[in-house]
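Below is one structure; the comments refer to it alone.
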Amino acid sequence: MMKRQFEDVTRIVIKIGTSSLVLPTGKINLEKIDQLAFVISSLMNKGKEVILVSSGAMGFGLDILKMEKRPTNLAKQQAVSSVGQVAMMSLYSQIFAHYQTNVSQILLTRDVVVFPESLANVTNAFESLISLGIVPIVNENDAVSVDEMDHATKFGDNDRLSAVVAGITKADLLIMLSDIDGLFDKNPTIYEDAQLRSHVAVVTQEIIASAGGAGSKFGTGGMLSKIQSAQMVFENKGQMVLMNGANPRDILRVLEGQPLGTWFKQIEEVTHD
């Protein structure tokens, strides 16, 4: 039995997806956001350093503009995300303030982390904010990101973005909150006998092949992008927990070593009972 030990974890990146922030009705899940702010603030009070990678701009924008479906037109998608990003950050700021925690916004595009000078600048920004006891809230800059062959500036989705941020900031742990319990050996929505994988030490071709499917109507991420994110984390000698975000307080249980979700950690670094 692999024993999870997170006592030495100081810097944590938490990624929350749109499906965890927006209710099936399209309305904002205020209770979930409040719980998340409480948990992060509690961790900060214990001396942890937390960076939040938050999707949700599109979901917030759809709610504000009273649009039932995600636009298919790119320009309209960018407009909706732009409106939603402001609303999302406003809400985060209000709720975190209730717990005496200050937040900041960092919007990234892929080219920022590709070029050395801009990468150094954004790294310094993260370090400065963290040193001030501020929670950086990161999202992709959807209003200006493009995905064209000659000038691709999109990360693809925030699963990959969270892995990039974990690498940039040299985080001790990436916690990815989703609408699933973790990585299963097969699709649990199809197979009743699907088993949750408690620990993954190597991302095999079998695991990659078993991952697939799209995200929700509000988001873009699927299981494959989470597996690819785990690969990126491994490349940076990091570790990741993929878990259900239904109850953000479960983050505290994970950090206590409870075996929730799927723990991605290379086997040579695993401590045995």
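In case you wondered, yes, glycine gets a Cβ from its N, Cα and C as well.
Residues annotated as ATP binding site in Swiss-Prot, with sequence analysis given as evidence: Lys15, Ser178, Asp179, Thr220, Gly221, Gly222, Met223, Leu224, Ser225, Lys226.
In the three-state DSSP scheme, Asn158 (substrate binding site) falls into the helix class. Its own atom aside, the Cβ of Asn158 (substrate binding site) has 28 Cβ atoms within 10 angstroms in the protein chains shown. The annotation substrate binding site is assigned in Swiss-Prot to Ser55, Asp142, Asn158 on the grounds of sequence analysis.
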At the Cα level, what's the spacing in Å between Ser225 (ATP binding site) and Asn158 (substrate binding site), rounded?
9
Nearest of the binding-site residues (Lys15, Asp179, Met223) to Ser55 (substrate binding site) - Cα to Cα:
Lys15
Of Ser55, Ser225, the binding-site residues given in the record, which has the fewest other CB atoms within 10 A of its CB?
Ser225
Using a 10 Å cut-off on Cβ-Cβ distances across all protein chains shown, tell me which of the binding-site residues (Lys15, Asp179, Met223) has the largest neighbour count.
Lys15
